[in-house]
Amino acid sequence: MKSSLWVSLAVSLIGLGPAAARNDYPGNYPSSSPPLGPTDWERTPVSVFAKVLNTQPDPDYNLLKELVTYDCTYISLTFDNPTLHGIMPWAGTHTHVGPQAFIDIFTRVGLYWDRGPFSIDHIFGDDGNVTAWGSFTATSRTLGKTVISPWAARARVNSANQIFEFQWMEDTFTTASSFGSDNSTKVFIANPEGGTAHA
């Protein structure tokens, strides 16, 4: 009795009337779909690729486990270059390492450089083959040298919309120079007609 009295009082205070019976509404009105949340997005090879590229500054292991196969191969900067690997230890082919390769590389890059602006200028795909390129700015944490480099990346995506092969390229001559001492120079002999270049 007291319960119904309180309900009646609350209804009168907020201006609600009794609910109409279901049969009082003509037609069939299905409930609307729930609003899209941050984890609700249409998965396509291109959108998966973009998600992985954009998680570089703050690697999300759970997201990467979801979007990268356990045996994915990551080719970073070069197939195999011991000199480059000595400067940037993540350079080389990481065969069948899976999401852990992404975590290790993305994290280590952040330890070596202070990341600046990163842009995806173009991205597109042909079924499971996707590619993108853009530019980024980075400042070496050891010497404080800032460089701007173009980058390009390619991925192969399976029918489950998971990346199983990933390749990243950049202007390594420029990015490696951010770790070069001003007191060190290297002589390059490239022109067949003679002459040298110093860097």
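In case you wondered, yes, glycine gets a Cβ from its N, Cα and C as well.
Since we're looking at a predicted model, the values are computed, not measured.
Taken from Swiss-Prot, the feature signal peptide covers 1-21, and the record attributes it to sequence analysis.
According to Swiss-Prot, the feature N-linked glycosylation site maps to N129 (among others), an assignment based on sequence analysis. Long-range neighbours of N129 (N-linked glycosylation site) (same chain, six or more residues apart, CB within less than 8 Å of its CB): P45, R154, A155, R156, V157. In the three-state DSSP assignment, the secondary structure recorded for N129 (N-linked glycosylation site) is strand.
Taken from Swiss-Prot, the feature N-linked glycosylation site applies to N183 (among others).
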